[in-house]
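Below is one structure, written out as structure tokens, with a few remarks after it.
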Amino acid sequence: MKKNFLIITIVFVLMLVGCEKKEYQAYSMDTYAMGSYMNVAIYSDEVVEDGVFDEIESTIHAIDKRMSINSKDIVSEVDKVNGSAGKSFEKVSEDTFYLIKEGKRHTKETDNNLDIAIGSTVKLWNVGFDNASVPSDEDIQKSLEHIDIDSVLLDEKRSSVKLAKEGMMIDLGAIAKGYVADKVKDIIVDNGYEHAVLNIGGNIMCVGEKYDSKPYKIGIRDGNKSSKDYLGTLEIVDKSVVTSGIYERNFIQDGKLYHHILDSKTGYPVENNILGVSIISKKSTQCDALSTAVFSMGLEDGLKYVNDKEGIEAIFVTKDNKIYLSDNIKNNFNLISPEYVISN
């Protein structure tokens, strides 16, 4: 009888221990790279070792140094590729080669609505910098001659890249932050953590689900107001959300707003009725690329592109305060602003 009582007591104690609620805390770090502030928050019931954040920070800055083309202090691998245009192959790191290869693939798959070979035109406009201004049409037309994705040559065996035409420039700005988010997520998961939220310069990556087994709730910005105002919320699990909008980087000249999303066919900022578009997917690199591409496609073609592509969802916000949702995201989006209406 005593033996049976002991067994029952042990089982009861184990049940109590098993049911004890774990206390999760947020362990976070902040850094600045790629011209943006970044935050990584890991939710854990154990202290997150400093070494994890050290690895994350060193990875972020290593990628920045390899891919940035706007730094006064360093010559990046992308700078070297651009500097050798029309001359020779440049050996690059595995990270840089992979992202150029991915960028070329996305450029072709989206019919150049995202185009990493647009670097010479991007430099001409310089949107987001103090000296941004409208270039002459003559200069814009000249820059278009340097946009040719087929002239981005890749030597996989030697991890080398060549731009076949002199004057060509590649720009990975439309996909680099997404790649950083994917790499940071890999570090977090490889270290055994299951719950985290990353804000990589506005690119959001949610690792797993919340520690209370609920979806993360992400705010979708109201582009007509401050960065802290949201028009709605989106519930996601283990996915990334990336937004491209005309309100992110722009300047006004002679009363007209010029934004940073350039059309590789005209050399001017894309003109359509979209205020912003958010892409949702497992991979933040893909979100980054497609947020630019789908914005450039316009509402009708962009919505069709997303609905035809597996594993991708989108939220379109138009300048007349209408919201259009891709087919499989409607149950996860909650409109909170009375100034907007869902139109599909």
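Start at 1 and count along the chain as shown; that gives each residue its number.
Heads up, the Cβ atoms here are built off N, Cα and C, so glycines get one too.
Going through A132, A164, A174, A176 against TrEMBL, the one listed in the Mg(2+) site together with D288, T292 turns out to be A174.
Take the mean position of the Cβ atoms of A174, D288, T292, the recorded Mg(2+) site; other residues of that chain with a Cβ within 8 Å of it are L114, G173, I175, G178, V242, S244, A289, L290, S291, A293. Listed in sequence order, N113, L114, A174, S244, I261 are the same-chain residues six or more apart from T292 (Mg(2+) binding site) with CB atoms under 8 A from its CB. Under 8 Å, Cβ to Cβ, and six or more positions away along its own chain, D288 (Mg(2+) binding site) finds A174, I175, A176, K177, G178, Y179, N203, V242. Of all Cβ atoms in the shown protein chains, 26 besides its own fall within 10 Å of the Cβ of A174 (Mg(2+) binding site).
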